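Below is one structure, written out as structure tokens; comments come after it.
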Amino acid sequence: MRFSHKHLLGIEPLAPHEITMILDLAERYVDLNRGHAKHGDALTGLTQINMFFENSTRTQASFELAGMRLGADVMNMSMQASSIKKGETLIDTALTLNAMHPDLLVVRHPHSGAVDLLAQKVNCAVLNAGDGRHEHPTQALLDALTIRRAKGRLHRLSVAICGDIAHSRVARSNILLLGKMENRVKLIGPPTLMPSGIAEFGVEVYQDMAEGLQDVDVVMMLRLQKERMDGGFIPSEREYYHRYGLDAQKLAHAKPDAIVMHPGPMNRGVEIDGTIADDINRSVIQEQVEMGVAVRMAAMDILARNLRATPQEVMA
Amino acid sequence: MTTLLCNARLIDPEAGTDCLGAVLLDGAKISAVLTDVSEIEGAKARAAQTLDCGGKCLAPGIVDLGVKVCEPGERHKESFGSAGLAAAAGGVTTIITRPDTLPAIDTPETLEFIRRRANEAAPVHVLPMAALTKGRQGREMTEIGFLLDAGAVAFSDCDHVVRDTKVLSRALTYARSLGALVVGHPQEPTLSAGAAVTSGKFASLRGLPAVSPMAERMGMDRDIALLEMTGARYHADQITTARALPALDRARKNGLDITAGASIHHLTLNELDVADYRTFFKLKPPLRSEDDRLAVVEALASGLIDTLSSMHTPQDEESKRLPYEEAASGAVGLETLLPAALRLVHAGHLDLPALFRALSLNPAKRLGLPCGRLSKGAPADLVVFDPDTPFIMDRYTLRSKSRNTPFDGQRMQGRILATYVSGQQVYGRE
């Protein structure tokens, strides 16, 4: 089995066996990360550049650590402060970086499709660390790994994704991934925060938490993306919390062993009750962060293998 | 001097006929349209020059309503010279220019400049539209009377919808008193603010800001209500959705002076063509669903939509090579209008006379121009084309300074062989 992509731009182009391949490799890196000597050599000699055109702490730290643990030379570029402010176009920035011969480029950008555009212009492997409202593939992969470890499988599960679906790239990547792995996906949220055409995605849509959470195995909460909203999607945070915030009462509709997930950063008291987020029997939020490093190590390792292989081998 | 164009399939949009014959040109006018063999033989003997069209199609030249030539302001994107050459190569004999330039064409002085530049540089007829409000800002109407005297053929703020309904109602009332045609852009501007694609599954998958197709109907409904109030002459620049059509139909049946157009890109492409964020497919309004496309094609065939134009909008590489949301909207279309429109004929949606009704006759009629007809006394503005020759579109062969065509690399069918403006050949394919 081969991973037949040069870049990791989204979940959309991946085949189910490719998703499994990344997760299986990530399992091995979980063990490595829990050991004493947290060091591999899969990326030795390679240069990894993290380009974040949008603020990020956790994702950038996760990618940085993943690269360093596999022996890559890692450089962080905060694009907010750099030449982009001086009017340089994305493509010129990409070409400039390309001339420095990086091997792995990790990119986050506020506009959907910007990472695809950049990937067309560079020779190295590009990993999408989130583009606009489009995709955030490594987040979906780390969520999948967390679910698989907690539930023992990644198929025939009932998964609820709750909250601000419209502005969420995490939701898009998760809907695609969970669908490809043959799970039942339920979306719960106010209709103003549902993307258009959502009924054609092969998911069930609910506007009521109690109804939507009925007998689910996994509850995935999303952050209310206040910075992406241009006003007027919900009447107020307190009404939102009342109707869609996850508390013990609403969670009681899910299966007794249902797990609670959140991609972070959390708005406690807006979309999730603090006591649930901290409940070690239900919440796997810390585990998600741990899986994030392992999944990113696996993804970069697999792309690096393809970099070394000839094009014919990659496509075979 | 007389020239006889013989052995041609004459596409007459007025009569709705498509038959073999000849056209006799005398100077800048058509002096006879002949279908009788003995008459043609007689004309051959008398004509100073006889050209055999080899059985190819001969139709009245296209009148393209709504072309952006980027003078003044952005001559690096398109000049009158380059747009004129592109038009000639595309069988477009009259360009109706848009006023959405920098600065906007909103005074008689800038309009004079346009007319002078166009006459110097372009081999085809160029007739300018002027802005409806100063600076296309939607606050104060322009000097509609002076602009009419200076040669403006219609008034439009293009994609800047006049938000203030009171301002628009006054402008329409004033325009009506002078008999001026107002070209509107039916769109509810606050609903469509910031949108890059049409809402739906595709928009959500790509994570792009989207507008409901309903915004067009809402804009249409408002403008129609204002027409009822003011009685103005109105043309909707582009109808792109099925939902706007019933309103148009009712307005027409209620006797309002309203016509509507469609753009070639919305008739031949749909939202899925955007694929992986291809910015050459970013248009305003955005490409629609296949159902909408088919509904608009049907409306064009039935005559509910009157005109078909290129909505030629040149954009340079820099403004297109950006993330989709940030990239500029619009596509060039002067040279690809006819080959693309022939797709509708080859697909069986409409016949050639019906196509030229939308491309030539109807826009000319709406603007009160004598061209767009294949009849005695009409201007000798003609296009000779072969509707069947296949080719693959290569954008680097375009004559426009900007080459942002969505048809790059696509298979097309139909070539323009020659274009005549006022009896003079301005384009001939080798």
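Yeah, the Cβs are placed from backbone N, Cα and C, and that goes for glycine too.
Please treat TrEMBL annotations as automatic predictions, because they have not gone through curation.
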TrEMBL carbamoyl phosphate site partner of A:ARG58, A:THR59, A:HIS136, A:GLN139, A:GLY264, A:PRO265, selected from A:ARG34, A:ARG108, A:ARG238: A:ARG108
Long-range Cβ environment of A:GLN139 (carbamoyl phosphate binding site), under 8 Å and at least 6 residues apart: A:THR59, A:GLY130, A:ARG169, A:VAL170, A:SER173, A:ASN174, A:PRO263, A:GLY292
The domain 'Aspartate/ornithine carbamoyltransferase Asp/Orn-binding' (A:157-302): DSSP-derived helix, strand, coil residue counts: 60 helix, 24 strand, 62 coil
Number of other Cβ atoms within 10 Å of the Cβ of A:ARG58 (carbamoyl phosphate binding site) across all protein chains: 12
Other CB atoms within 10 A, centred on A:THR59 (carbamoyl phosphate binding site): 22
Annotated carbamoyl phosphate contacts A:ARG58, A:THR59, A:ARG108, A:HIS136, A:GLN139, A:GLY264, A:PRO265, maximal Cα-Cα distance (Å, integer): 16
Helix, strand or coil at A:HIS136 (carbamoyl phosphate binding site) [DSSP, three-state]: coil
Distant-in-sequence Cβ neighbours of A:HIS136 (carbamoyl phosphate binding site), under 8 Å, six or more positions away: A:ASN128, A:ALA129, A:GLY130, A:ARG169, A:VAL170, A:ARG172, A:SER173
